[in-house]
Amino acid sequence: MTTKEQFFFKGATSKNKIHFISLGCSRNLVDSEVMLGILLKAGYEATELLREADYLILNTCGFLKAARDESTDYLQRIINEKKETAKIILTGCMVSKHKEELKPWLPYVHYVLGSGDVEHILSAIESKESGEKLSSKSYLEMGEVPRKLSTPKHYAYLKIAEGCRKRCAFCIIPTIKGGLRSKPLEQVMKEFRLLLKMGVKEIILIAQDLGDYGKDLSKDRKSCLYSVLREMLKEPGNYWIRMLYLYPDEVDDTLIDLMEKDQRLLPYVDIPLQHINNRVLKKMLRTTSREQILDLLTKLRTRIPHIYIRSSLIVGFPGETEEEFQELVNFVGEGWIDNLGIFSYSQEKGSLAAEMPDQIPQSVKSKRLKILSQTQKKNVEKHNKQFVGKIVEAVIDGYHPDSEFLLTARFYGQAPEVDPCIIVNEARLVSGFGERYLIEITGYVGYDLVGRVVNKVPGE
């Protein structure tokens, strides 16, 4: 797994300049946005220049070894490049679970905050005692927390819960983030309305397990996701709601009904399946079987033919045989999944799977990863060919990272950052980013579609 760094900045002139680097997932990004909001509200200014900053905050990712390596690489860079008087504040998942890996760098770190301990960022910066360790406490418990969005102004992530009650054998997230802690419905709605008021047009709901939302709050331990979605959809406006991290056992008829009835709840679901073989799923401690997965996918495709399904799969889990891997290849080859993230199993200390026998050699895992990736690439190429000549409604995100002569756009089946996009090479009609346009698909490059703007969507 690779992490995506996010830098936060604007023009800074004071002596209280801060420089943020946020690594990892969108959930980490939300924490960084809250910390940034707290500091800006307190009078600090953000700078894009590392050497200019008085305080450097690194929000680490500790999910996989590759992510931890990236975190320590960034930490070393900060130590090497910062000005002599600058202070380093370290936070995030790696701090909570893998502090021993940080030992060589800790003498250079001035403050350490636990994962999710974002509301104490101001206390950390203003503390007189270098190296103070602040208690871990999620900002979800706070009623009023400022936030500075780092995403383009037209979309934002809304984290509705923290932690996870599931205990998948390969995962250490519960030991990092703790158990499920849901925001109260009133707080979620307050944040939702605020984002709409700020002009956000696409709100992406996230949690470790979105479908578990509210099970820690309700007396019957049932999910409250349907209730919060229903409340959100009562708000007027032509906005999009996108759901990420929705486990297969939590997708029920009530959610499907909502997607059918209100187009603002996008016909897009991110369902981490991890595998399709029953024996492997059982060893992973997953709660769904092959039969249940296929029943769910069939229902989704039948009820909502235009739905887009994103998922993640793991190859090389301990004991995975060639036959079981081939079953996974066949499943992917059937084209059930539109957007797919494929990961090679990582032996994470503290996970149940790390102690399992029959660990798969890295060479075998790499080979299986390549085979499965090639299988999905064929699906994508076939799918993209069928798109050529069609006109889709898409939002213009901004300039393409490789060229300001190109723009990037997304239709409802593409989530930002994790999915492919539309490369727009004819955009004379575009008057602003964050607006929706009709785009004719003229071709494709790899996983991305290519298109030209035909017209602006009426009402935009």
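FYI, residue positions are counted from 1 along the chain as it appears here.
Cβ atoms are placed via backbone N, Cα and C, with glycine included.
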Per Swiss-Prot, member of Cys93, Cys164 binding [4Fe-4S] cluster 1 alongside Cys25, Cys61: Cys93
Pairwise Cα distance for Cys171 ([4Fe-4S] cluster 2 binding site)/Cys25 ([4Fe-4S] cluster 1 binding site) [Å, integer]: 15
Site with most surrounding Cβ atoms, counting all protein chains shown within 10 Å, from the binding-site residues Cys25, Cys61, Cys93, Cys164, Cys168: Cys93
Check: same-chain CB within 8 A of [4Fe-4S] cluster 2 site center, minus Cys164, Cys168, Cys171: Lys166, Arg167, Phe170, Ile172, Ile173, Pro174, Gln208
Secondary structure composition of the domain 'TRAM' (385-455) [DSSP: H/G/I, E/B, coil]: 3 helix, 41 strand, 27 coil
Cys164 ([4Fe-4S] cluster 2 binding site) and Cys61 ([4Fe-4S] cluster 1 binding site), Cα-Cα, nearest whole angstrom: 17
Cα separation, Cys164 ([4Fe-4S] cluster 2 binding site) to Cys93 ([4Fe-4S] cluster 1 binding site) (Å, whole number): 14
